[in-house]
Structure formats: structure tokens, C-alpha cells
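In TrEMBL this protein carries:
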type: COMPBIAS; residues: 28-47; note: compositional bias 'Low complexity'
type: COMPBIAS; residues: 100-112; note: compositional bias 'Basic residues'
type: COMPBIAS; residues: 561-570; note: compositional bias 'Basic and acidic residues'
type: DOMAIN; residues: 441-554; note: domain 'PROP1-like PPR'
type: REGION; residues: 1-47; note: region 'Disordered'
type: REGION; residues: 100-129; note: region 'Disordered'
type: REGION; residues: 557-640; note: region 'Disordered'
type: REPEAT; residues: 184-214; note: repeat 'PPR'
type: REPEAT; residues: 256-290; note: repeat 'PPR'
type: REPEAT; residues: 304-338; note: repeat 'PPR'
type: REPEAT; residues: 382-416; note: repeat 'PPR'
type: REPEAT; residues: 417-451; note: repeat 'PPR'
type: REPEAT; residues: 452-486; note: repeat 'PPR'
Amino acid sequence: VRAERDARARASNAARGEAQSRDEDARASTSADAEAARAASLRPATRANVRREIMTMNDGTEREITVDARFKCAKCARGSSCFAVHRATSAVSGMRAKRRYNERKKAKKTKSKYASDVEGGGRGSRARADADPVGATLALIRDGHRPTAKTFTAVISTLGAMGRAKEALDDVLPMIEEYGDDVDVAVWNAVAHAFCAGGDPAGAEKIVDRMVGEDGVGVNGATHPEIIYTYAKRGEANRVYRLIRRMSSEHGIIPDERAYNAFLRGLCERDDLEDAEEVLRRWNNEKFDLERQSDRGGRVSKPSAASYGLLIDAWTRRGNMLAARKLLQQMQWERIAPSLPLFNMLIDGYLKQENMRAAEGLFRELESSGTWDMESLGIKPDNVTYTLFLDYWANQGQVDACERIFNRMHRKEVAPDVTAYGTLVKAYARARDSDGAEAVLDRLAEAKVAPSVAIYSAVVAAHCTIGNMSRARDVLERMFDAGLRPNERTFAHFAWGYGQLEDINGIAEVAKLMLASGLKLKGANRTAIVRACEECGMSMSAVQALLDRINPEMTQRKGVWKRDGGEPKPKSNRAAAAAADEDLEPSTLEPTKTKEIYGGPESTARRVSLSQRVESLDEDDDDGDTGAVDAPPASSDWPRKVSTRAVAIAHRASSRARPIRRTFTRTNARAFAITRALGAASM
């Protein structure tokens with residue numbers, strides 16, 4: 001029976017080899033005919049524009065070159081690419097990157113109408129009006145430049161991310177042929193992947209059929225994985241199995257590790273981990289399928305450590321450490337060598353669940369005291385492994401445990417990096433030991449490790465936690481001496497520290513230092529200043545007045561935009577009131593009839609004029625200044641009921657001070673100064 005089976009297998013292989021050779025000959029002849037037809041169609045148009053010239057090289061030799069007269073750029077005419085082409089290619093790629101970032105950012109906030117496309121593997125059809133990659137390419141051609149194959153590939157990928165893959169097939173491919181480039185398998189792969197990016201894997205599969213059939217360019221190992229990944233992310237596992245069968249039977253490509261990893265990655269991102277384990281089981285059992293081995297000529301792929309790592313990481317993120325540990329044992333049964341990142345994943349998962357015993361067991365196994373022979377595999381703990389334990393103990397403020405880990409790193413000859421030192425600083429900060437945190441900077445210099453902004457910010461936070469702002473400013477000076485520039489997080493620590501001390505002047509100095517460092521009082525920076533002021537008991541109106549005083553440009557309005565030299569757009573009531581108050585001209589607005597303090601045209605005028613009044617306050621509030629201001633302009637015709645409400649709001653800043661501190665602090669003095677400003681303006 002075995003002899004008959006072998007004979008049938010040999011006969012089948014021989015027949016299959018003859019069929020493949022016939023198919024290859026037919027494909028080669030078809031490809032040659034298509035290339036000749038394309039060349040014949042393009043050669044008459046090209047012959048009229050292409051000429052040969054003699055070019056003198058730098059070494060004095062002469063060389064005959066081909067020049068295309070359709071391009072004004074000399075480098076593009078000679079077949080090279082200039083800086084303008086590289087810049088346009090980067091701009092087209094940037095359209096795709098910016099769009100992906102915006103979609104990830106918006107997906108976290110709300111579930112839009114494109115959410116179904118994103119969940120299914122596509123990215124929707126939303127795009128900005130100016131994000132037109134085809135228009136950018138046409139503009140490049142109009143300027144006399146020649147787009148390269150890289151430019152067209154970027155255009156195709158961006159169109160796919162925008163959900164416009166059909167345009168890549170209908171418009172971009174003829175452009176590539178027009179400018180003399182070959183539409184090879186890489187370009188067709190980009191078109192197929194564009195359909196996948198648009199959420200249409202079935203359309204991508206049709207493109208693959210065209211590549212194998214009428215177009216004759218063939219396929220390679222990079223064609224199918226993206227299609228498999230898109231099908232898997234959409235939950236269509238049956239289509240993936242069908243495509244894997246077609247790869248070997250119709251397309252002449254044996255499914256390898258790259259294809260199966262794409263399958264696993266799509267299922268893991270969809271959180272179908274049970275189905276992913278079933279795919280891994282079938283993949284392992286392929287080596288026992290003699291018929292499949294015969295069909296593939298004895299070439300059968302098997303999972304690797306990266307394949308198991310996809311599932312281990314997914315189970316760890318879900319919190320099922322038992323399933324993740326079973327996969328590690330399965331690797332040992334299948335005789336698959338593990339890697340260090342797999343152990344780091346498991347250790348991180350155990351530490352997040354506060355299972356120190358299991359984490360230490362894996363760590364001992366890394367040190368060749370378990371079932372794996374780590375010495376022969378060349379695996380040993382690295383900085384990442386030790387930093388995981390450092391971070392666990394640092395979160396609890398256990399400085400002694402962190403120091404023991406550092407000593408162990410030195411014994412094992414593992415040099416700590418800046419991340420490990422930063423984690424040690426965090427441990428001292430949690431233990432409220434700012435001196436120890438600052439001493440880590442000296443140890444960093446002794447180890448000749450380049451410091452980072454993050455580690456200096458952590459030391460600043462350690463001093464701010466205990467209210468030692470003078471030492472925090474010394475660390476900031478030390479940071480400047482090291483050639484580093486503080487970031488938003490550094491200033492946020494300073495603002496929080498001054499807020500805990502109820503020091504308004506300190507918060508104002510931090511805001512001014514932000515502006516001097518090139519940062520803007522927007523977003524997270526403004527939030528840090530506002531929260532610090534709220535810790536001092538200030539109301540939002542008083543905080544806004546303080547911010548307007550520090551940065552008057554925040555309240556300035558932009559100029560009026562005109563369309564094609566015509567009449568400007570009519571101003572809204574809010575903008576007109578702000579402009580009238582800034583110019584100190586008589587206002588045509590009528591006093592508001594509502595009792596609202598915020599909103600409406602007059603509220604903007606009051607807010608702008610309030611910032612101008614507060615700017616007139618001197619810095620010597622502690623010297624007995626009464627805080628008197630000039631009389632309001634003639635345009636400030638405010639009703640008395642509004643000013644009374646405003647005085648009440650400003651007065652509330654003094655009453656919101658903490659009960660444990662009832663003295664007349666500088667915060668209350670500034671609040672009463674604002675109250676006097678509002679009262680004088682309403683007279």
C-alpha cells in the first residue's frame with residue numbers, strides 16, 4: 001500500500017510539474033506580448049520627446065544620456081529625481097499619516113458613522129478637502145517634474161487610506177505607464193493593499209486574480225498577507241481559509257509564516273483569541289498532513305516564537321495569564337525556542353496582577369533555574385526585565401527593593417539605562433525623599449549615561465511634592481546647564497507645587513516661563529495653570545483675568561478675511577463688540593437685557609476690557625497699593641445688575657479659600673483687587 005501511494009504521489013508530482021512548466025511558458029509569452037503591445041503604444045509618443053545628448057562628467061569624460069523633453073527640470077529629464085519630487089512624495093505620505101492619527105484620536109472620543117468601517121478593517125472615506133494626492137502629483141507634473149515609482153506608490157497607498165482605491169486603479173496606473181515606468185508586481189500589490197485599506201478585501205482578491213491572469217505580472221509573498229489580515233479583522237475566517245487554499249493551488253504561492261501571522265494578528269486585534277488558538281492548532285498539525293505536504297512539494301511552514309508572541313501578548317492584555325502560560329508550555333512541547341520578549345510579556349502581566357511569586361518564578365527561569373536551558377538558547381534578563389520589577393516596587397515607594405534590584409543588575413553586569421534610573425527617581429519621589437531623587441542625577445553622571453528631560457522632570461516633581469520649590473528651581477537650572485529644554489510636564493509639576501502652596505505669583509511666573517520657553521498657554525499647559533489657580537481658591541473669571549494679564553495675545557482677534565479682494569465678511573456681534581472695545585471707540589451696541597454673565601456680545605466686551613483693567617494693576621500689591629484703576633471708556637455702558645453679579649463672582653474668590661488658612665493672603669488681595677476693578681468700571 002505504501003509503495004502504491006508513493007508511486008501515485010510521484011506520478012502526480014510529475015504531472016503537476018509539467019502543467020506548471022506549460023503555465024509558465026504561456027505566462028511568459030503572454031507577458032512578452034503585453035509588454036510589446038504597451039511599448040508599441042507608448043513608443044511613438046515617447047520618440048518625439050526623447051532625444052540623446054552628450055554629457056560631460058566631472059572627471060572630464062563624456063557619456064551619452066537620454067533626455068525627455070516633456071520635463072523642464074534637468075534632473076527629471078535625465079531620469080533622476082530632484083528635491084521637489086522627494087518633497088512632494090513626503091507630503092503625500094504625510095496626508096496618510098495625518099489622517100490615520102486623526103482617526104485614532106477621534107475613535108477614542110466617539111463612535112462616528114465610519115466606526116463600522118474601521119472595526120471591519122477599513123478606514124472609511126473621510127478626508128480633508130486639501131488632502132488630494134492625485135492633485136499633488138498633477139501639480140508636480142505641471143511644474144515640469146517627473147514623479148518616480150515611489151511617488152506613485154505613496155499616492156496609491158494614500159488613496160487606499162482615504163477609501164478611494166478605485167481612483168488608484170483607474171487614474172494612477174495609466175499615469176505610471178504614460179511616464180515610462182513599468183507597472184510591476186510591487187505597484188499591483190500597492191493597489192491590492194489600497195483596496196484592503198479601504199475595507200474591501202474582496203476587491204483586493206479580484207486584483208490578485210488579474211495579476212495572475214490577464215495582466216501576467218504574477219504575485220509574490222507580499223501580496224496575500226494584507227488581504228488575509230483584513231479578512232481576519234472583519235471576522236471572515238472562512239474566506240481566509242479559502243484564500244490560503246487558493247494561494248497554493250491557483251497562485252503558486254505556498255502559505256508561509258508571514259501569511260499565518262497576518263491571520264493571527266487580525267484575529268487578535270478583533271479579540272477572537274479562541275479562534276486564533278484554533279488557527280495555531282491547525283497550523284501545527286499541517287506537518288502531519290501527508291497529502292498537503294505532497295501538494296506543496298514537502299514544504300510546510302510551522303509557527304515561530306513571534307507567532308506565539310501574538311497570542312501571548314493578547315491573552316496578557318486581556319488578563320488571562322493561565323492561557324498565556326499554557327502557550328509557553330505548548331512551545332516547549334512543539335520544540336519551538338522562546339525569546340526574551342515572551343518572558344517579559346508574561347512577567348509584565350503577572351506584575352500588573354500583583355502576582356509577584358509567579359513573576360519571580362519566570363525571572364528565576366530566565367536565570368537558567370527552570371525547565372528551559374537558557375544558557376544554550378542565549379537568553380538572559382536585560383534592562384527591560386529589571387525595569388519591570390523596578391517599576392512595580394517604585395509604584396509602591398519601596399526604595400530598598402529598588403536598590404536591591406540595582407545591585408543585582410550590577411552583579412549580573414547589566415548596565416542600567418536612563419529608563420531604569422528614571423524609575424528609581426520615581427521610587428524616591430513616592431517615598432517623599434527628594435534628596436535621594438536628586439542624588440540619582442549624580443549617579444547618572446558617574447555611570448556616564450546621558451540624562452533625559454523625563455528624569456529631570458521626575459526630580460522636579462519629587463521636590464514639588466514636599467513643597468520645596470527653591471530646590472526644584474535649582475534642578476531646573478541644572479537642567480538648563482545640561483543642555484536640555486523643559487517640556488510641558490516639567491512646568492506642570494511647578495504649577496502644581498505652587499498651587500499646593502497657594503502662591504499665585506509663583507503660578508504666574510511659571511506661566512511666563514512657559515511663554516519664554518516657546519510654549520503656548522493652550523491645551524494641557526492652560527489646564528495645568530487653571531488647576532493650580534483653582535487650588536488657590538480662585539474662580540474661573542479671576543483665572544481668566546490672570547491669564548489675559550500674562551498673555552494678552554490670547555484675547556486678540558484675528559484680522560478680517562476678504563475673498564478675492566471683495567468686501568469683507570460681516571462681523572458677528574461678538575467680534576464687533578471686541579473690536580469696538582479694543583479701539584476705544586463709541587459702541588453702537590445696545591445694553592443686553594439678559595441676566596447672563598457669560599455669552600452674548602457685551603460679555604466679550606466686558607471680558608476684553610477687564611483684561612485691560614487688570615493689566616493696569618502694578619506688581620506692588622504687597623506695598624499697600626489700593627488697586628485703583630482709571631475710569632471706564634465711554635463705550636462701557638453696562639447695566640448695574642450685571643456689574644453687581646460680576647462683583648459677587650469676583651468676591652467669591654476670597655471666600656473659596658481653604659478653611660484652615662483664614663489669614664488675608666496674597667490670593668485674597670488679588671481677588672479684592674479684581675473686585676475693585678469691576679466695581680470701578682461699573683460706576
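Placed from the backbone N, Cα and C atoms, the Cβ positions cover glycine too.
Outside the repeat 'PPR' (417-451), and at least 6 residues removed from its termini, the chain residues within Cβ reach (under 8 Å) are 383, 386-387, 390-391, 393-399, 402-403, 406, 409, 458-459, 461-463, 465-466, 468, 471, 475, 478, 482, 484. Summed and averaged per residue, pLDDT over the repeat 'PPR' (304-338) gives 93. For the repeat 'PPR' (304-338), residue counts in helix, strand and coil come to 27 helix, 0 strand, 8 coil, using DSSP.
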